[in-house]
Amino acid sequence: MASDSIVIVGAGIIGLDVALVLSQQGYGKNIIVIAEYLPGDTSPSYTSPWAGCNFSAISGTDANAIKWDRHGYAHLKKLAAEDSEKSFVKRTPSIEFWDDNVPHDKIKAMADYLDDFRALSAQELPEGVKFGCAFTTLTVNAPAHCLYLYNRLREEFGVRFIRRKLGSIHEAYNNPATKVVFNCTGNAAKTLAGVQDAKCYPTRGQVLLVRASHVSTNVMRHGKDYETYVIPRPGSNGNVILGGYMQKGNDDSATYSSESESILQRTTELSKELQQKEPEVLAAFAGMRPSREGGARIERDEIPINGDRRVIVHNYGAGGTGFQAGYGMALDAVKSIEDVLSTLPTRSLL
């Protein structure tokens, strides 16, 4: 029997990953996801479908970022191994470059778990690059992967989705039976009543969707004030994402030809495969990464509802790392309410 014991607000990759972790623990029929946007939507405010996307070594050096990356890499590897075509996750050769030095601890952490990891020699580095590495990454067709999770959660686990824009986080507790709410609202966490986290800000990116079936290698260059990347998109008949930009505090959803030209120039210089044949530009997109000063917020709290203290778990602010860190973030978010979950029936008891 279905119940509304667990409410997840937001259906981007962060909310979907929380629903997946809970479902894998047997709580699928206890979950209802409430969101203004659902997989299949293409609003600029709905960030996840606009992602490149891949597993990148771009994330931070703090213990949480490294832990979430390890979990995310293992999760995506499992999806690629078990059902690459349905999940739109694929093992892909990758090369990454940094214009600044990378801390030794970060390099060691990457070498510990990334398949086929190899630090590049000085002779292999382009001019201006301080460090480079090669490894096997996971590339993800972002919009198709979100739809895969959406359908799997509904059909396999009995998770219910409702399209609704909440006026405040308090509305997520309208059903007295709700035991816990997961706040996975991304960029909306800055303005949503009851949350209004002033540390949140958008980071704008512009990308190009191109047809370049001859490109099979993921390549990235991390600069001091720019990001350049070439990301093959699995299951898309040879499409590739070219980027990009990291514009802090910019929420402009328009695209600009000057930026498109810069992206084409930088990615062609970076990718030997792109140099072989000019790609066919299909479209330009802009998206807003849901960023946060101090990094992602994974925090259990209580919120006053009609005189009672109700449990809420905040899970947002992943910036551009949602697809790779989201599963690990979900594990931590779910772990924080083990006491609440122990009072709920699991699938085996329903």
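The chain as shown is numbered from 1 upward.
For all residues, glycine too, the Cβ spot is worked out from N, Cα and C.
No curator has checked TrEMBL annotations; they are predicted automatically.
Annotated features, as they stand in TrEMBL:
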- T47, S48, T185: FAD binding site (BINDING)
- H222, Y229, R289, G320: D-dopa binding site (BINDING)
- 6-330: domain 'FAD dependent oxidoreductase' (DOMAIN)
Nearest of the binding-site residues (H222, Y229, R289) to S48 (FAD binding site), judged by Cα-Cα distance: R289
Number of Cβ atoms other than its own within 10 Å, given for T47 (FAD binding site): 26
Integer Å distance between the CA atoms belonging to R289 (D-dopa binding site) and T47 (FAD binding site): 6
Fewest Cβ neighbours within 10 Å, where candidates are the binding-site residues H222, R289: H222
Cα-to-Cα gap, H222 (D-dopa binding site) vs T185 (FAD binding site), nearest whole Å: 28
Using Cα positions only, nearest of the binding-site residues to T185 (FAD binding site) (Y229, R289, G320): R289
Structural state of T47 (FAD binding site), classified by DSSP into three states: coil
Collapsed DSSP category at T185 (FAD binding site): coil
Additional residues around FAD, ordered along the sequence, whose Cβ is within 8 Å of the centroid of T47, S48, T185: G10, G12, I13, I14, G15, Y37, S45, Y46, C184, G186, N187, A188, P290, G322
